[in-house]
Amino acid sequence: MAACRLLLFAFLALYSSFALASDPSSLQDFCVADPSGKVLVNGVTCKDPKMVEASDFSFSGLHLAGNVSNAVGSRVTAVTATQIPGLSTLGISLARIDWEPKGINPPHTHPRATEILTVIEGTIEVGFVTSNPENRLITKVLNKGDAFVFPVGLVHFQKNVGHRNAFAIAALSSQNPGVITIANAVLGSTPDIPSGILAKAFQLNLKVVKDLQSKF
């Protein structure tokens, strides 16, 4: 009997951990985001259902390539609850990612979502790093029609290793997955993380760290 109780408690703990690992489930047909709402909640308040329109559930423009003329040679076009208010409480969003040849989507994390990426055009090298202490790099080259999963919270990246522009569609398990680009967060915080801390953390010369910070 004691063993049965222990097994039941273990199952409930495991189930609870899964339940807390995604956006809260909706208790109604929809909760269209109302950005003008004054109440502070975990997300935004709901629009009056009588005022909801088809435009609250749609987005146009994913057929258009993003402008990749920037330092990293990529552009992410996000479609979250900000772009489609009807995504609020539904626990899903997506993005279009464009790359120029050799362009990268720099190492980053999504603190609230697992991501599945499908290559539509091009050849993309992808990878993620497991958590401490192993920090194992898992990487693969994807071609048109291939898909790859990045587990929630893990640092990951993509690079166009082909000779032409490429793009992919990514689906994410949160209405607002969030993104933390590692270089920007560590080297470009406001105010700066003290250079001495970064120099010791990365085992670099203080001058090198200050030079890196100046780029962000």
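Placement of Cβ uses the backbone N, Cα and C atoms for every residue, glycine included.
Remember, TrEMBL labels are computer predictions, not curated facts.
Record features, source TrEMBL:
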type: SIGNAL; residues: 1-21; note: signal peptide
type: DISULFID; residues: CYS31-CYS46; note: disulfide bond
type: DOMAIN; residues: 60-210; note: domain 'Cupin type-1'
type: BINDING; residues: ASN105, HIS110, GLU115; note: oxalate binding site
type: BINDING; residues: HIS108, HIS110, GLU115, HIS156; note: Mn(2+) binding site
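Taking the centroid of the Cβ atoms of HIS108, HIS110, GLU115, HIS156 as the Mn(2+) site, the other same-chain residues with Cβ within 8 Å of it are THR109, ALA113, PHE128, PHE150, LEU154, VAL155, PRO177, VAL179. In sequence order, VAL149, PHE150, HIS156, ALA170, ALA171, LEU172, SER173, PRO177 are the residues of the chain that are 6 or more apart from GLU115 (oxalate binding site) and have a CB within less than 8 Å of its CB. Neighbour counts were taken as the number of other C-beta atoms within 10 angstroms of each residue's C-beta; across the disulfide-bonded residues CYS31, CYS46, the minimum falls on CYS46. For CYS46 (disulfide bond), the nearest neighbour among the listed binding-site residues (ASN105, HIS108, HIS110), judged by C-alpha distance, is HIS110.
A gap of 29 Å separates the Cα atoms of CYS31 (disulfide bond) and HIS108 (Mn(2+) binding site). Sequence-ordered, the extra residues of this chain that approach the oxalate site, with Cβ no more than 8 Å from the Cβ center of ASN105, HIS110, GLU115, are ALA95, HIS108, THR109, ALA113, LEU117, PHE150, HIS156, ALA170, LEU172, PRO177, VAL179.
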